[in-house]
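Features reported for this protein in Swiss-Prot:
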BINDING   104, 106, 111, 150  Mn(2+) binding site
DOMAIN    59-202  domain 'Cupin type-1'
CARBOHYD  42  N-linked glycosylation site
CARBOHYD  60  N-linked glycosylation site
CARBOHYD  69  N-linked glycosylation site
SIGNAL    1-23  signal peptide
């Protein structure tokens, strides 16, 4: 695991300029953005430090994962305010066996994924509806172009971990299943769009609706 983390750090540093080239955030006219209500004189190195990846990166991948579902730990400007105006962000993605990151898009950035541990099947669909897929091994990288619908799937019986870099401090996330079936679009509209019936649409919606809290 130590060698995997070393590889992760080296390639993350190398990939950072690539993410910046693809950046789409507005330029700023200062060195960095001071949060509202903060005094510049009180800012220290702590402001430019993010420690939220310590737990996922220290996980023993040979042991059962504490969460049976796909999880993501983000370092965007929401979690790491120093990224505001810097046109870069990261995420650690954890895939227990037989889990996936469902089809989704990032409207404001491409995604550069580095597989640190395990194996993944990934893919995206371009604007001509052509599907591009690849099976990744640890150490492989894959780029999902900006705005394209894409996914990652761990079909094996071992966990996988990846690091994703984005050319935006807030790349955004649009989940295709939730956006289509979880936003109260009329059942008749969806049934006609997918050439099916309303009961089928209602079943799909039910599967994406969180259970009511007691």
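Backbone N, Cα and C atoms are what each Cβ position is placed from, and that goes for glycine too.
Structural mapping of features recorded in Swiss-Prot.
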residue : record                      : DSSP (3 states)
42      : N-linked glycosylation site : helix
60      : N-linked glycosylation site : coil
69      : N-linked glycosylation site : coil
104     : Mn(2+) binding site         : strand
111     : Mn(2+) binding site         : strand
150     : Mn(2+) binding site         : strand
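Spatially close to residue 104 (Mn(2+) binding site) yet at least six residues away along the chain are 149, 150, 151, 173, 174, 175, 176, judged by Cβ distances under 8 angstroms. Note: the Cα of residue 69 (N-linked glycosylation site) and the Cα of residue 60 (N-linked glycosylation site) are spaced 17 Å from each other. The Cβ of residue 42 (N-linked glycosylation site) has 8 other Cβ atoms within 10 Å, all protein chains considered.
Within its own chain, residue 106 (Mn(2+) binding site) has 144, 146, 147, 166, 168, 171, 172, 173, 174 as residues 6 or more apart in sequence whose C-beta sits under 8 angstroms from its own. On a Cα basis, residue 111 (Mn(2+) binding site) lies 34 Å away from residue 42 (N-linked glycosylation site).
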